[in-house]
Amino acid sequence: MIKIDKDFYENGQVLFIGYSGGKNRPFSKMVYQAFTNNGIKVYALNNKAEGDYDIKVYGSLGELAEVPTTAYVLLKKENVPGILKELGARGIKRIQFQSSRSADASVLEACAQKGIETAVACPLMKFGSGLHRLHGFFAGVR
Amino acid sequence: MNTFSLIRTRWSNEKVMTAVFGVLAMYLLPSWIRQPESIPAFLAVVAAALLTDSVLNLIRYRCPVCGVSAAVTAGVFYILTPGTALWVRIAGVAAALLAGKHLWGGTGKNPINPALAGVLAIGLVLPMNAPDFTPQLSMLPALLLSIPFIRFRPYAAAGFMAGMAAAMVFRQNFGFDSYLEYGAIFWGCLVLTDPVTVSPRPVLGAAGGAFTGAVSMLLSGSTVVMAGSILIFNVICFIADRYLELPSGNMRRGKPVDGVIARNSEVLFFDLSQSKEEIRQGAEEKAAVPEFSSQEILQRLERNGVVGMGGAAFPTAEKIRSVMRAREEKKYFIINAVECDPGLIHDGWLMDRCMEEICAGIKLMQQCVAFEVVVMAVKETKTIKACNVNVAKVPDYYPAGAEKELIRLVLGRELSVGDIPAEKGILVLNVQTVFAIFEAVVRNKRALTKFITVADMNTKTAYVVKTKLGADIRAVADKLPLTPGNIFAGGGAMQCGNVYANDVVDKHVNFIAVSRFPGYKESVLCSRCGFCDKNCPMGLGVSRISQFVEQGKLEKAKKYRPESCLQCGNCSRVCLAGRNLAARVRAAKAG
């Protein structure tokens, strides 16, 4: 069972790493809206700075005046190790990975070694509606 | 700041297609009651369509996409192929989706109706019964429920029915039964209103629909003929929409947008500007207006930093100078008190409380420029206190308060895209700007504060707030009794953006709102409904512009004159695919 409560998102903020302005934009937007409609402020990040029509997308952590302590990662797992070091250095304490495609055992192990708490679950299981919540129920997201 | 409309239609392509599928099911209901054993066959055809569509969409988009349009294709296909073997239907609907839709690029890109293409293909190689259009009362609910879909392509649907009616006259076959018999209403409302394959052009739609209807009726009983004639019409529409002349781009009358505030809610005022003066409630004293020369007025306006408060923030003194320089014989002054954005209430509030000062500001402008006509424009639904100026009531729609639209409504003059009203001798000032003119000239007060509307869209309440320019937007929201939620700010409810850390109330901000994030899901499936084009007050080809912007073809987008866009946000509000189209048009405008 994965427990994700509001405390996981300290100060009601989350850093959304891998916000897509490309073909995954609809999904990224859905997650963004689910977070924000539940009172969680989202800082969207994409190092390609693809941007979006509605949402400000930061190109790097350096652009943020204040880095949240929780991150949500929507990247392919081969791209994750490259950012873990920087996230740890910028004070990230908790990371939520979208799915096992974003984090395998080695990634979770690397997070544990850096003292970063992890969860692997789609945010929509917690903050979405309808079928997403049902999916979350069967996936054990509480 | 990227802006978008906070007000969105509750409809989406998926909901519309689900409704169409429901109507098709209603149509089949009588036959299911008579022959329940036909239900599994129908479900098998629908399942085959959904499976085919899902697999092909997964290959194309690499993510799951709603396949309800495939279910509709299956429904139409099933009804039009009675008495055909189940395996033929299953193979036929799969082939129809592949050849009639996905080979052309998927949903919204196919030039022909896939179900009818499948029907035609089967009808040409296999003997096929005519569909059951036997008149029966149990069919009426489906027929009635199909009527609202006329909204999508009214000209083609009306033409189709007129063509059928003409054919009936020709055949001397009258009576309501014959309408039912030939399914005129049903097919006119469902297939001839498919926005993907039928043109929205009035003449082409009506003529093509009439041709299709007449042919179908004159050669009644032949599904192949009906399918063939509709497919020919589809191809003509495809060619016409791709190659014929673009929309004219003339200003059209907009449509009312429901307000975001409950009508009976009490409006509270908060002064967060820390100014010592109080807003007078029902001022009785006449605001004294000393005599000033034109130069004195303009100098005071410049010194006190007065700019347009409607959102454009153009320096007012500069605008007045343009009017003074204009070579036009007659000069006009329109006070814009329309407040057409559905989220704004502060201009109306200001007029209720400070009309004396506003009237004094108008007098100052008359001292500055010898206007032939001075008119205060208000919504037809608004009553205002008597003031010594003419009042023009304008229809209550959005965006009636857009500068050129207001000029058209009040003076009956059409200005083209490149025309600047001030250079034509027409001064249009927002009512709050006129108030600021009074304060700057008579009270010699710097324009460092402004009135804005702060709305809680979760509870449908709103407040009028006087705030300092430069105030932190989040701090302003924190001082008011608002429910927790996302904070948006912009020119109005139709032009808002996300508020980020350090965003401040500047001269462009008229509206702050707490709201749920509007449902912009940015679907990949555009159904070409054309609502964006229909609702554009400038008559722009919004769908084409956004299509080219997404393809990165800004040069092609420029041909559709995005520079005429008012950024009213109407296109984003009505988009059934949940796309922020106004932002795409803005990208074309800037590109």
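Every residue, even glycine, has its Cβ placed from backbone N, Cα and C.
Pulled from TrEMBL, these are the features on record:
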TRANSMEM  B:16-33  transmembrane segment
TRANSMEM  B:39-56  transmembrane segment
TRANSMEM  B:111-130  transmembrane segment
TRANSMEM  B:150-170  transmembrane segment
TRANSMEM  B:179-198  transmembrane segment
TRANSMEM  B:218-244  transmembrane segment
DOMAIN    B:303-438  domain 'NADH-ubiquinone oxidoreductase 51kDa subunit FMN-binding'
DOMAIN    B:526-577  domain '4Fe-4S ferredoxin-type'
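Here the transmembrane segment (B:111-130) lies next to the transmembrane segment (B:218-244) in space: the count of CB pairs under 8 Å, restricted to residues six or more apart, reaches at least 3.
Residues 39, 42, 68-69, 71-72, 75-76, 78-79, 132, 136, 138-139, 141-142, 145-146, 149, 186, 190, 527, 529, 576 of the same chain lie 6+ residues outside the transmembrane segment (B:16-33) yet bring a C-beta within less than 8 angstroms of a C-beta in it.
As a whole-number mean, the pLDDT of the domain 'NADH-ubiquinone oxidoreductase 51kDa subunit FMN-binding' (B:303-438) in this prediction is 90. Beyond its flanks by at least six residues, the transmembrane segment (B:218-244) meets 80-81, 111-113, 116-117, 119-120, 123-124, 128, 130-131, 156, 167, 170-171, 182, 187, 191-192, 197-199, 201, 204-205, 208-209, 211-212 of its own chain at Cβ-Cβ distances under 8 Å. Sequence-distant contacts of the transmembrane segment (B:39-56) (same chain, at least 6 residues past either end, Cβ-Cβ under 8 Å): 28, 32, 64-65, 67, 69-71, 73-75, 77-78, 86, 89-90, 93-94, 97-98, 101-102, 106.
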